[in-house]
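What TrEMBL records for this protein:
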- 473-500: coiled coil (COILED)
- 532-555: compositional bias 'Acidic residues' (COMPBIAS)
- 582-594: compositional bias 'Low complexity' (COMPBIAS)
- 516-559: region 'Disordered' (REGION)
- 571-601: region 'Disordered' (REGION)
- 46-87: repeat 'WD' (REPEAT)
- 659-690: repeat 'WD' (REPEAT)
């Protein structure tokens, strides 16, 4: 089927409008036009670093690009000449993860944050030399008040005096150059920095309905360019948080952990809000150029788009109980009794006209194509066709056609079985049920989706309801029988595990890590003065027995080391046998306290997704970015673990372009402020510059990292297979960090240091 046209119009007409109508936004419309995106190709490769390039950022004018690397150097590049201007030896003792130009300083001041928990400020006017021959300089400011890695810096447009830093220690700090240019290391007697803007050391939530307890290790942070009082933070749980800086408490020190301040909004896709998996976390959050939307990139997940300005609207806001309601059968939807529809009338009251009739015919053809794709086992293209109907023509199609399209897309999603496709199918079935209480297909596909998610009893309820509406349909009767068999099989497996001694006490690795993390964090002064605030009375130790088995190189597909890691788990002071015999991990007093805290906690609401962007893979690093492209932010881009970076159309979620940008992993994607030029970086020690210079438009593009194949769908499917692996069976990078940082006793391990293994 021919691909449908993009929504940004003909580029020649836009060019003509500059002369005919003097459109003020014509340059913005041209910057990231779809025809230019299709011609993107690598123009230049900037060489100058000796390690992975973890951070890149343009200055406000777009004349300079700054980069930070594992080699602990900051490089400044000229956009016009595409050459190295300065290479600053920062003095950091660990990987640089973030760097920024300070606004309104003629781009002379550059800040950096690194894995050594330090924030440093440099004045480029003090640098003498050219490029790699620059002399070392003393930082203009040195802030050592963080206790863990600094993962993100942010600045405010027009403010030359302040830089904000987000760290994995759970604090967001505000460094004002006017108040001081240095602070002593964390834990020293003189350390009394009153610069904590946001203390989230008790801020992480396992699910939307749970109270915040653990340290929220901050991974990303952004300030709205249109409303700079709004702050967006993301970290080691599933929820991005929006704060109003004007409503936060005064700056403080962090001698004692404080309860997290209330946020304006939580952002999280509904289907991720009740997982409770500590392996699920955000790697990047950002505002759209106009500040009306936010973009969230998850480790082991997809990229999601949310509205900021629609907070409070019922259609996009949900509470913790809504997730279970969505998966529980009820004869009504949202408390309203369902009514059958009579005809395919237009909800907006328009009379059928010739152009609308033509559009409706196209919609029917697209739905027909979707059903054909389902029969032929090519669900991806069928889903694209249904997306076009539901997004491009939603305002004219009637309820009958809309329900048919929703059910068709649900069936296609269940056929494709990519990460969280079953959850997307549930959304479609729920929406389709609102149109007709006598339709059986929404219930039928809902049952199948719930079965894929392992919710067999709920699946049976929907299957029985579907069968009552269509008793003569053989596939519905078969669905009922399959749901019954799934329940029996699940009970048999559960009993088998119990009889084998594996029931009840079986803990996933992620649960263990989550619990141990809560007890392993140190307070700001280096002492566990707030030990009483721990959620678990008794500690757990992790003893590691490492044995090297064969090749020590990385696996090309999974980036998992060929090593085995055995864990022996026991309570401190208890024997292993006592732990195994115990019926609970918590003492009665701890359990009672936890239950009382939960009873008094009032869960907040969250903002649901409006679009998701799929196809890439984000499991190998936790600095992977997803960003808006252009001044209007009509397109979304993200790096990927397969060495590619992806571009999607924001409104539809349709993949626009797939580009080969790194031999291993692309982490950073930054669009030029005004021109359609994109800089990318990753595990390679170079920066790639991309421009719309290809002679022929294409959906793929290669580069210095190698030629790109035309099998876009195959590349996406390979990435989905990696994402769909059980995250709990993979060692989180936080656990592997001691290997890379050489924190084991000398001689106990004979391992090579990781090469550019970012965390």
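Glycine is no exception: its Cβ is also placed from the backbone N, Cα and C atoms.
All TrEMBL annotations are machine predictions without curation.
Per-class residue totals from DSSP over the repeat 'WD' (46-87), listed helix then strand then coil: 0 helix, 25 strand, 17 coil. Taking DSSP states H, G and I as helix and E and B as strand, the repeat 'WD' (659-690) has 0 helix, 18 strand, 14 coil. Averaged across the repeat 'WD' (659-690), pLDDT in this predicted model comes to 96.
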